[in-house]
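Contents: one structure, followed by commentary.
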Amino acid sequence: MAALRALGGLRGVAAQVLRPGAGVRLPIQPSRGVRQWQPDVEWAQQFGGAVMYPSKETAHWKPPPWNDVEPPKDTIVKNMTLNFGPQHPAAHGVLRLVMELSGEMVRKCDPHIGLLHRGTEKLIEYKTYLQALPYFDRLDYVSMMCNEQAYSLAVEKLLNIRPPPRAQWIRVLFGEITRLLNHIMAVTTHALDLGAMTPFFWLFEEREKMFEFYERVSGARMHAAYIRPGGVHQDLPLGLMDDIYQFSKNFSLRLDELEELLTNNRIWRNRTIDIGVVTAEEALNYGFSGVMLRGSGIQWDLRKTQPYDVYDQVEFDVPVGSRGDCYDRYLCRVEEMRQSLRIIAQCLNKMPPGEIKVDDAKVSPPKRAEMKTSMESLIHHFKLYTEGYQVPPGATYTAIEAPKGEFGVYLVSDGSSRPYRCKIKAPGFAHLASLDKMSKGHMLADVVAIIGTQDIVFGEVDR
């Protein structure tokens, strides 16, 4: 009955509200028989406090299943596995990375090497000491003559000979031209990977000029086989030193243009600063050398600490980084190019006259002019190039400061005309081993910047 009375009261209110001309205001006096009830404070307080009071019924309460049939399961989120390379344009050859990504963040980076393995160290054991030389051009095929220099120094140490001064100055001159070749490739391809195309085209024009110097002195643009045990293959042609001087004078302007484009570029700095940071302690533990070691703040350059050829007679500075990131290593490479120009200028000024091969008929072939008149010279030349020369038994580890780092040759002789063992220590191998450590926690795009700053060539890594 009470419900019916309440319903009747509501009908009366609705009739008054809907009457034409009436406002939306409720009547002040309710209809007869209707009581208006407002919830009092005591009644509202019983619903305050916690949502669920623990009681016998609610103590063992569990939320109902989501779909009333199956209970919810813990979903396992898996990281994505990505194959980077070996045909990736930013992989610099045949690098294959098996990467584990969480979103776009790198959790693991596993380099797979060996795709350019050619068995160089074993092949050298079946060749004479001179025939083994061209294999070294094909190791780090961006800095060719530096590899030849390391091997030649190792053989000379076993033979206990020293090339004449002019040959040593020519070696240093072309060693620094080779350093320019390598650093141009390293910096411009690094920039190209990060989106800056212009430096690549500007500086590769300069690189072609240096290939021309290679060609004029040896006949080959890349695999020169010019620096040989006992000296160099032939003397510098007329006019070459003048052209190298003109080139080195103009090249510093190209470097200024490169730095205008990159050094203070906001995008370049964002992509390289604090990317791939390696502390000095980590760099030593991983066995870094070259720019990778100096970028972390350790001043170690074999041209200064253990000079070979005539590096103790030239003046140059060793640039050192402070943070150990990609930006510091870029700055080190640019400054090394400027120091190489200093060394080239000193080589041109101090180049002495004289012989370019050691005066030892057991090692050096006779002159071409002699071979045209003397049968003995022709036989001597033939025997040297077919049988080779015997090297006294012994072992040596000889290292040079190649553009990428410490390039070492461990050479063992058993007294024959062929090496018993030739172990090649490539700098890029140790650098690639740290790729997992350097890229962990970075974005996928930063891995490209880290590969570029490591300056890896797979001829020397895979051997």
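Glycine residues also receive a Cβ, built from the backbone N, Cα and C atoms like all the rest.
The Cβ of Cys332 ([4Fe-4S] cluster binding site) has 21 other Cβ atoms within 10 Å, all protein chains considered. The secondary structure of Cys332 ([4Fe-4S] cluster binding site), as reduced to three states from DSSP, is helical. Look at Swiss-Prot and you will find Cys326, Cys332, Cys347 tagged as [4Fe-4S] cluster binding site, backed by sequence analysis.
As annotated by Swiss-Prot, N6-acetyllysine applies to Lys62. In the three-state DSSP reading, Lys62 (N6-acetyllysine) counts as coil. For Lys62 (N6-acetyllysine), the Cβ neighbour count at a 10 Å cut-off comes to 6, with all displayed protein chains included.
In this structure, Arg118 (symmetric dimethylarginine) belongs to neither helix nor strand by DSSP; it is coil. The annotation symmetric dimethylarginine is assigned in Swiss-Prot to Arg118 on the grounds of similarity to another entry.
Marked as transit peptide by Swiss-Prot on the basis of similarity to another entry: 1-33.
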- prompt: If you measure Cys332 ([4Fe-4S] cluster binding site) to Lys62 (N6-acetyllysine) at Cα, how many Å is it?
  reply: 64
- line: Cys347 ([4Fe-4S] cluster binding site), DSSP three-state class -> helix
- prompt: In whole Å, how far is Arg118 (symmetric dimethylarginine) from Lys62 (N6-acetyllysine) when you measure between their Cα atoms?
  reply: 66
- prompt: Given Arg118 (symmetric dimethylarginine) and Cys326 ([4Fe-4S] cluster binding site), what distance in Å do their CA atoms have, once rounded to a whole number?
  reply: 31
